[in-house]
Amino acid sequence: MAKAEAESPKKSPKKGKKGAAGSAGDPVNPAIAFYRSWSEEFKEFALYLFFVIIFCAVIFMPRNADPYFMAKGIRDLFTQNEFSYNVDFERMTTKKQVMDWSEDILIPNLLPVEDYNGNDLTTLEKQFILGFNKRLGTARIRTVKVKENSCTVPDQLKSKIQECYATIASDNQDTSNYWNNRTTIRNDKVTTTILDVPYIAGADASWYSPATKLTYPGGGQVIELDNDLQNVTETWDKVKNHDFLDSATRAIFVNVNMYNANVDLVSATKFSIEFSSAGAVFTSAQIRCLPLIRPVRVLLGDGATSNASSTFILELVFFGMVLMYVLAEVRIIKTHGWGYLKNVWNQLEAINLLLFVVVMILRALSLGYIGNVYDSFGIDNSYLDLDWVVYFAKLVENVNAFNAVLTFLKLFKFVRENRRMSQLIDTVELASIDMGSIMVIILVIATGYGIAFHIAFGHAVTEYRDFAESLFTLFLATLGDFNMDELRSYNQVLGAFLFVTFIVIMFFVVISMFLAIVDSAYESVREQLLEEGGDADEVDPLTRDVLRVITAPTIISNKIYVLFVGEKVATGPSEEELEKRRKEEAKRLAEEEKKKMMSPEMMERQAKLKVEHDFKSLYDEAMGRIEKLKASQDSLQKTLNLISDNITITEPVGDEEGNGEGGEGAGAGAEGTGETTGDKITAKGE
């Protein structure tokens, strides 16, 4: 931990600042000392953690289940109601069913006249759908048509087929006004319509169909339904009787906007009905419920809730932090050059901030647009165009969804300070080259099989109707989501062959190789971590400061207890003993963790090293004892030599037969014999 220490004085004593930081003998300012006591890593981490918390607050505070419930109510009313036996909006297959749905479900529910008891509604109550959702302005019906003879009929069939209408494209859309004093001759009967259906360019945003993969332009022939049920019914009868859904029609879009005051949500609903040039009918409903007007209500002081006000303020704080980070990045790039972006983490941060800037721009545009049309919310006799603002709002949510991933991935940049927490990133980096090769192999195999399945089953199976859907279906198959019976029902041999070979090659071979590469990289990272070793109690500055924060409540509570109650009576071991035990326990746990993280090869190698170490210790001990024994033998030999050097042997004194006193003494020395048997021993120098 970086401690605040007093530096040697370098300032002139004339300034005479009492207690100035850096003056010898003067105490350091407590605030400065507290700031310097934290590591730079922790300061950066704490600031970014605050940024993440504000981001989560901005995302989650305005969100609950209300948008889902509002959308479900609208969907159940318009798309789940059956207008014919077992036929609803989602199961329509003919143009007649489309007209029946419009007459029986769409118009009566858009313009209610009675409640559930059959009582007449008031003029104000007629403007509410389901009794909760206020209809904003009028509903709009837009058709997209193609020009006549936009495709070519074969010469052999020209006498049989007189009309040809191609798939919608940017160059074949019919941009003429329909039924504006238009005369229709059918069955020798001349009919003149008085219904004006003008073509309006850019009446709506272009729309991409997930079902047909077609993009429909925003222009079209537009019919606006007013708020009178009788007028709308008459208008619909006219368009029905004059071939409204002709062969040139490629799509019908019904747009209606609603507002629910109970939950303060605006709903922009679009019902789409596509008529494929091949004869199929596709239906879909986009019901987007969003808190569009809450920021405007906050700015205008128009009864906004405290939650909406808090969210708006936090959003401003968040965007301010984004600008702060952007300026910091610009300053760093200016200092270090573009080489700063060679680091992957710096690239990630730059992309994250760039997307947040895009979000800021989109939010400003949508807020300005809502501010312009906010006064039109009370107008009931014209269409309220909210398509673009809803598009911007959904785009903001989509970008934020991607940004959420990048924002939390960046946390790994900080946890890399901890060796154990950095194993994930180190594993990915180590395996990245081999993983790239495997990804190329996976791409090649998936592309080949995707084309094969599309060719073989694209005409019959929805999941393989185009190449993109085929690839996605094969990806799901590797996760276990597949329908083998459907493939075999169309081609028993080819379906089984393609599917089985794909699973065997992709799942059992390629993906197994991929997992093996990741596993090998992870083992290498673990071994490297073990080889680096280090003190078990040693931690990096970031982890140390995080632990300080975590343990701060306990320390503060203990100090408060001592302040108001007094010192706690020590009933157990002293603090020094506890600290010693903690260190021993930490060391023991570190050793156990180290053993757990060892691979079998590493454990075997460690066991061999231990056996060799024990054998060497035993050998050294035996050799030491042998050396001691040899030294003892040398000492004994020296003692014997010394004794030998200091003793002499002399001849016996007296007669040879051993008579007299000397003989007796000698005889006594020879066990009572009368003869002498030994010599006289005399020490030298005696």
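Each residue, glycine too, has its Cβ placed from N, Cα and C.
These features come from TrEMBL:
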{"type": "COMPBIAS", "residues": "1-10", "note": "compositional bias 'Basic and acidic residues'"}
{"type": "COMPBIAS", "residues": "578-603", "note": "compositional bias 'Basic and acidic residues'"}
{"type": "COMPBIAS", "residues": "660-672", "note": "compositional bias 'Gly residues'"}
{"type": "COMPBIAS", "residues": "677-686", "note": "compositional bias 'Basic and acidic residues'"}
{"type": "DISULFID", "residues": "CYS151-CYS164", "note": "disulfide bond"}
{"type": "DOMAIN", "residues": "88-292", "note": "domain 'Polycystin'"}
{"type": "DOMAIN", "residues": "308-525", "note": "domain 'Polycystin cation channel PKD1/PKD2'"}
{"type": "REGION", "residues": "1-25", "note": "region 'Disordered'"}
{"type": "REGION", "residues": "574-603", "note": "region 'Disordered'"}
{"type": "REGION", "residues": "647-686", "note": "region 'Disordered'"}
{"type": "TRANSMEM", "residues": "45-62", "note": "transmembrane segment"}
{"type": "TRANSMEM", "residues": "312-330", "note": "transmembrane segment"}
{"type": "TRANSMEM", "residues": "351-371", "note": "transmembrane segment"}
{"type": "TRANSMEM", "residues": "391-412", "note": "transmembrane segment"}
{"type": "TRANSMEM", "residues": "433-457", "note": "transmembrane segment"}
{"type": "TRANSMEM", "residues": "493-518", "note": "transmembrane segment"}
*Test the contact criterion for the transmembrane segment (391-412) and the transmembrane segment (493-518): 3 or more CB pairs under 8 Å, pairs 6 or more apart in sequence, then answer yes or no.*
no
*asked:* Averaging the per-residue pLDDT over the domain 'Polycystin' (88-292), what integer do you get?
replied: 88
*What parts of the chain pack near the transmembrane segment (351-371), using Cβ distances under 8 Å and only residues at least 6 beyond its ends?*
292-293, 295-296, 299, 315, 319, 322, 325-326, 329, 388-389, 392-393, 395-396, 399-400, 402-403, 406-407, 410
_Distal contacts, the transmembrane segment (312-330) - CB-CB under 8 A, six or more residues away_ = 50-51, 54-55, 57-58, 61, 294-295, 298-299, 304, 349-350, 353, 356-357, 360, 363
